[in-house]
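Take a look at the structure set out below.
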Amino acid sequence: MSGDSNFSKGGGDPFSKRIKVIHGRQAPEEALLVGYGAIIEALNLQLPMPAKLALISDKHRQSSNDDWLILTPRHNPADNLYGHLVFALKYEGVNLLFFKKLFESLGDERVKFVISIEPKGQYSRRIWFLFEWLMRRQLDIPDLKDGNYVALIDEEIQYAVSPAVNFARQRIRNNLPGTPDFCPLIFRTSKLERFIEANLSELTHTILNNVHRDVILRASAFLLLKDSKASFSIEGENPTPNRAMRWGKAIGQAGSIQLGEEELLRLQQIVIENSRFVEMGFRTDGGFVGVHDRTSGTPMPEHISAKPEDLPVLLNGLFATASLLEHQNFHPVLAAASIAFGFVFIHPFVDGNGRLHRYLIHHLLAKTKFSPQGIIFPISTAILERIDDYRKSLEQYSHPLLDLIEWTPTANNNVKVLNETIDYYRYFDATKQAEFLFECVDQTVEKIIPKEVEYLQRYDSMKDWLDEEFEMPDKTVALLIRFLEQNNGRLSNRALDREFAELSKEEVEAIEEQFYEIMLKPPLSQYSLAIMPSAAISLEVVEMKQQLRAAIGRSYGSANAEAHISLDGFEADENDYPYILAEYRRIVSELNPFEISFSGFDDFDKANYSAFYIKPTTESSLEIRRRSEAVMKAFDKNLKKQYTRKWADESQKPHMSIGRRLTREWVALAYTTLTAYEAGFLCDTFVIRKFNEKRRQYDVIDVLPLLGTSEPPVQLDLFQP
């Protein structure tokens, strides 16, 4: 074994080498290639280079971006296999495809030798565990009897499941987000962290919270049909209305049926309307995505699908991993990216793969309760609007593999894969796909769903006005609104001469004016009157939220909101806000400051979720309620009617939220994590907050002192310019 002591690639050559360019990638500076990249290059392992390569610079300056990790000379690993493996695991995370190819290349004895260099070291134990997990056999090494457990995945680098499963043999906590038959990995990036922090699921609930159930149902029906049509459009198809409705109905059932072979076959039958010329069921031949040479008919692949004989193993692995991620603590969007993109890379059918791939996104988001009950995220609609980015996310996986897959054309101009490729579909880096999917989910939450809900609310307001003024039938109302929409708020001469010839000139002007006010005018801003606690209490609330987040293992509703007690909420035009502010100042200035005391925690249920909050004492709750009622009673009714909309009393049960949209399990965790709290402060101000669309949080925009004045300021003239 002495000849293997350094595990050089041969003849004493080093693993590290200085590079300026590698595989067509321009390095930011001439530097030493180390870690995974160095080993892949030195041993000629048959896998794509990692998306991010590690370099040792001559300079004493570290930097990192999406493509390169540049470290200083002091980070330079020992130039042997073990040294580079330790470096890779420490700084580059776990690469399952790399380790599978490495173990196949080295053989059992050489792997045992690598482990024996530091048999109880955490990196040796990780390598040992990975060998037995990936290769499905044990090495002739005795179980460890002592030592601390270490996590396999470093959660500072990559996302992992929790709770982990302890393996006593290597003293390893297995937190891999998958099974040996299917386990994509996702790197922690600033983009993904921003999306996770934004808590898009909670955001959707917030958007829909005050929306009438009827509007939600109508919006859901429209979005289902829209997403169904978009999914066909992505494939270049224009479905019949019935076909689009059938697929929309299937999407609406996403998450209700367990994934498995039978379910995929059922869904394919819904997707494929005419199966006369399509081989239904799982492929029995090779498959590719691309075109044929126009002269010879030879395949020109952009993507090569998994071999047909590998499909049972890959699909069973995908189903098992989907079940694991549904029940473990793993972000739903990350889970959806791993499963849905893994499916489309495997490409198990002759036709229908793309639509089923996007269905799986809906399935995972619904199954994990990320999407609200009865609402689907119109992912295909967002994808269609970002089709170039979608193609790039697919090509980012497929193109690097084309040089590694050996194939030959068949007699019917298909492809036959000649080498072993199953691991390329089991173990891949799904980071770019996860980022893309999060961008799509963000677009649906921030734009597509709110836009549809707002449209329906405006439509209903316009319909109500038309009903009241003209008693029009629903069919006529729909026609009138459609004509106005088509002509930028004006009725065309044709419409006035024919369908709406009965309307007078004055009535037409009134209708067009109302259409602008209701349908075209920019949306109102959201405001809230609230109490902010003292700075010391606010900091304590921030700490409590951090503790709860750590206990849950993920972000949750209200995790990023500032501590506050809501009193009321309303919508208003920004131009009208000064009148509203002046009225609030007049009323609040008459109120006396008062003490607010908190004592312990409580919770309440709303819909399918719960809220956990810091509880004011009974006396403090009465004082808060008394002042809130005084504000609402004193507020000028004419001003309120003219300048505000959707006024809501939010002080009926005063509370300071720690978390909203929590499951009952999370509430139980909250009681265990946060056991007691007593605090108080002098409340001598109220605040007005305005909803910030970019941050998706409320910002304090005005502070209103409680002065207890006997002579309040003169009321603002309602009709002043």
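From the backbone N, Cα and C atoms, a Cβ is placed for every residue, glycine too.
Note that TrEMBL annotation is computational and uncurated.
Small disclaimer: the values here were computed from a predicted structure and weren't measured.
The domain 'Fido' annotation in TrEMBL covers 259-410.
In the three-state DSSP assignment, the secondary structure recorded for H347 (active site) is coil. The annotation active site is assigned in TrEMBL to H347.
Residues annotated as ATP binding site in TrEMBL: D351, G352, N353, G354, R355, L356, H357, R358. Residue environment of G352 (ATP binding site) contains 20 other Cβ atoms, counted within 10 Å of its Cβ in all protein chains.
Within 10 Å of the C-beta of H357 (ATP binding site) we count 21 further C-beta atoms, all protein chains included. For N353 (ATP binding site) paired with H347 (active site), the C-alpha to C-alpha distance reads 6 Å. The Cβ centroid of D351, G352, N353, G354, R355, L356, H357, R358 marks the ATP site; residues of that chain outside this set whose Cβ lies within 8 Å of it are S231, E235, V271, V344, F349, Y359, given in sequence order. In this structure the C-alpha atoms belonging to L356 (ATP binding site) and H347 (active site) are separated by 10 Å. H347 (active site) has G354 nearby among the binding-site residues G354, R355, R358, counting only those with a Cα within 10 angstroms of its own Cα. In the predicted structure, the domain 'Fido' (259-410) carries a mean pLDDT of 88. Cβ crowding, taken as the number of other Cβ atoms within 10 Å, peaks at R355 among the recorded positions H347, R355.
Non-local contacts of R358 (ATP binding site) by the CB criterion (under 8 A, 6+ apart in sequence, same chain) comprise S231, I234, A340, I379, S380, I383.
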